[in-house]
Ligand SMILES: O=C(CO)COP(=O)(O)O
């Protein structure tokens, strides 16, 4: 089995101004200077705080992600931001297809696919999110839903570099609810996603791509989740907003 380096990524959602971003990153930098984390570290601030985050993390191991992009590189799309813009300002990663974007901003499997292609065209690492709702889980549709999202999301993508492509399984019912999927529940979906992605993009891609779990990840549940063979890190919302919790998660990463 491939040896995959874990990723701990903080999705700040609509939190932290530039000055709040600066103080958070100053504290995080000094905290991680004391030890050698076992994982890659990514933070995803809102667009307006990205420049500050890039400046603050320059020369460190912390990488910066955007939370969204448009599928075109430029054009008359008021209020939108494109891959080349995100790349040039210094982001390495971009979150795509988060359930909040699907739920509140009308994103579809098709737009997610176009955004993944746009990210790759601009040299950004997509963090491609998918996951079922509570209703879908209770109706026994979890595997059908994530399979459809996976196929539609990565279907038309040509030979992505597995080291530069990340999938995040985020069951919607576990986001911001304090209700984490059990390690077994998460593992069975991760294993399924890995098997299915091998059918679409080949065994090497499937062996090497990182699949993160997201949904109420906290310092005290990180270890048991990351101990699962197909869970390669966490996409963290609420607990990435305080240095203490985010650092606690980073320290638990294996
Ligand atoms: O949506 C998430 C990360 O993208 C998860 O959010 P919480 O960690 O707050 O549940």
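The backbone N, Cα and C atoms fix where each Cβ goes, glycine too.
Because TrEMBL annotations are produced automatically, they should be read as predictions rather than curated entries.
Substrate binding, as stated in TrEMBL, involves 11, 12, 13, 216, 237, 238; the candidate among 176, 202, 248 given for that site is 176.
Taking 11, 12, 216 as the candidate binding-site residues, the subset whose CB lies under 6 angstroms from any atom of ligand 1 consists of 11, 216.
The CA atom of residue 238 (substrate binding site) is located 14 Å away from the CA atom of residue 170 (active site, proton acceptor).
Those same-chain residues not listed among 11, 12, 13, 176, 216, 237, 238 yet with C-beta within 8 angstroms of the centroid of the substrate site C-beta atoms are 175, 236, 239, 240, 241. Taking CA atoms as the reference points, residue 216 (substrate binding site) and residue 170 (active site, proton acceptor) are 10 Å apart.
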